[in-house]
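The transmembrane segment annotation in TrEMBL covers 29-54, 66-85, 97-116, 122-144, 156-178, 184-206, 273-296, 316-338, 345-367, 452-478, 490-513, 519-541. Annotation comment: TrEMBL describes 29-545 as domain 'Major facilitator superfamily (MFS) profile'.
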Amino acid sequence: MEGGVHKPDKTAFKECLNLSLKHPYILRLAFSAGIGGLLFGYDTGVISGALLYIRDDFRSVDRKTVLQETIVSMAVAGAIIGAGVGGWMNDKFGRRISILIADILFLIGALVMALAPTPEVIIIGRVFVGLGVGMASMTAPLYISEASPARIRGALVSTNGLLITGGQFLSYLINLAFTKAPGTWRWMLGVAGVPALVQFLLMWGLPESPRWLYRKGRVAEAEDILRKIYPAHEVEGEIDALKTSVENEIAEDGSIGETNIFKKIYKAWTTVVVRRGLIAGIICQVAQQFVGINTVMYYSPTIVQLAGFASNKTALALSLITSGLNAIGSIVSIYFVDRTGRRKLLLYSLIGIVVCLGLLTGVFVAAETHSPPVSSLETGHFGNYTCPEYRAASNMQWNCINCLKAASKCGFCAHDGNNLLPGACLASNPTVKSACRGEHRPWYTQGCPSRFGWLALIGLALYIISYSPGMGSVPWIVNSEIYPLRFRGLCGGMAAVANWVSNLIVTQTFLSLTETVGTAYTFLVFCGLSLIALILIYFFVPETKGLAFEEVEKMLEKRSFNFKFWKKSTPKDQTNK
């Protein structure tokens with residue numbers, strides 16, 4: 001039926017495949033809209049690799065951490081606006097038009113970035129891409145949901161999450177493919193325009209969402225589309241269900257009693273049941289970002305370099321693992337979320353995240369403590385290229401970490417033959433970099449050689465394995481189930497904006513935080529935030545597995561649910577306390 005929550009089970013995916021093969025039009029609709037998820041994931045991942053080479057081409061970017069953060073985070077800022085405007089556009093102009101506009105914005109952004117002569121132009125391109133990503137991230141699953149047969153809707157919508165993580169994985173492959181090409185980062189960022197163009201061409205020939213058409217009074221068009229989606233014997237029943245569902249939605253929209261958006265928001269926060277749902281939903285969305293995931297996805301090659309791997313290509317290849325694990329985790333989540341439960345997955349996920357971030361803190365503390373020393377003999381080998389601060393501190397014992405923290409932006413040229421032996425502390429510029437590499441020595445500006453580098457990679461992998469099945473996807477599922485129907489669009493929008501704003505805060509501060517307190521203690525900050533998230537979710541987020549919307553509302557009204565997440569509970573336990 002229309003309007004419910006359709007959850008995929010182990011037979012839903014088999015039925016989804018069978019029905020899609022019998023009716024390829026369904027697959028065409030879902031795939032065409034799902035490219036929006038692919039664009040979302042691709043943009044999240046591609047900038048992490050491109051940033052390594054943007055730093056090489058623009059010295060101002062290499063020297064200014066804030067500029068690096070701005071290049072990354074401006075897409076997130078654009079996405080906040082895109083998601084907000086996208087909600088209005090979806091209702092006003094339809095899902096199909098919104099996707100087409102998102103593709104145009106994304107294509108413009110990709111071209112601007114690929115041709116950018118300065119870092120400032122890259123930032124402008126990132127804003128355009130962000131606007132497109134923000135619109136596509138909320139419109140694609142909505143279009144798939146409204147243009148899919150009810151019994152396989154959950155399975156089809158869940159593939160949007162797979163396409164997001166698949167897009168991230170694809171971006172790392174593309175990054176790796178262009179490491180030797182002239183204009184490396186320009187190709188990495190410009191290629192993003194190809195799937196946007198493909199989606200535009202595919203969506204141009206597809207119809208609008210039948211639900212949106214029905215709400216706009218275009219009944220005949222809606223019925224024609226339903227006849228293409230459903231078998232002949234099911235069409236009339238689906239038309240009746242759609243009519244009833246839309247009429248109920250319109251009636252419930254009117255029951256809010258307000259037409260002004262600010263009054264609706266006020267009423268949501270002053271209604272006890274809705275407020276409790278909002279608190280739970282926003283906690284989940286904010287926690288999803290403040291556990292630090294997008295620092296790993298946006299900056300994973302940089303983090304790999306911080307772990308002691310100097311080569312850009314090596315950093316990209318190793319960070320490909322994190323993206324692959326994230327994609328696998330989204331599949332695991334689909335399998336377990338209706339068996340284990342939402343709340344239990346969230347809490348187990350956070351426990352793993354806290355442990356892994358604690359491990360990463362310890363690894364980076366050990367790496368900094370055992371950083372290779374700076375040798376005056378090795379440094380003098382390069383003549384007048386000595387780091388100014390090292391020359392002034394000639395009576396002090398320096399190591400690689402001291403060198404990289406120098407105010408004038410210095411780099412560490414490792415020992416020839418053994419990276420862990422004393423190396424040279426030199427001024428960081430293209431000439432010195434070339435001189436160091438010309439002697440087949442690794443050149444470090446982000447992190448130092450370390451015997452603990454592989455342990456850091458294992459910690460990152462375990463972090464992704466802990467994050468992806470729980471905190472990666474469950475917050476979105478909780479937000480689709482926890483609000484009363486008449487407030488669902490409004491509350492879901494507020495929670496999504498909270499997610500994007502949190503994303504912006506984290507991505508805009510990560511590199512500055514690593515420079516201020518060090519990489520180790522940056523991970524310790526995220527570890528502390530994850531522990532706070534664990535406590536808040538334990539006390540404020542109920543289990544919604546197996547509950548009808550009315551039962552969720554009743555549970556929130558009584559504020560009664562089983563805190564002991566390690567024990568099994570039934571829907572009856574959640575509501576009859």
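Each residue, glycine too, has its Cβ placed from N, Cα and C.
The transmembrane segment (184-206) shares more Cβ pairs under 8 Å with 97-116 than with any other stretch in the list 97-116, 122-144, 490-513. The stretch from 66-85, 97-116, 122-144, 273-296, 490-513 that makes the most Cβ contacts under 8 Å with the transmembrane segment (519-541) is 273-296.
Tertiary neighbourhood of the transmembrane segment (273-296): same-chain residues 44, 267, 303, 322, 346, 350, 353, 357, 460, 463-464, 467, 471-472, 474-475, 478-479, 482-484, 487, 491-492, 494-496, 498-499, 502-503, 505-507, 510, 523, 526, 529-530, 533, 536-537, 540-542, 552-553, 556-557, 559, selected by CB-CB distance under 8 Å and a gap of 6+ residues from either end. Stretch with the most C-beta contacts under 8 angstroms to the transmembrane segment (97-116), considering only 66-85, 122-144, 490-513: 122-144. Averaged across the domain 'Major facilitator superfamily (MFS) profile' (29-545), the predicted model reaches a pLDDT of 81.
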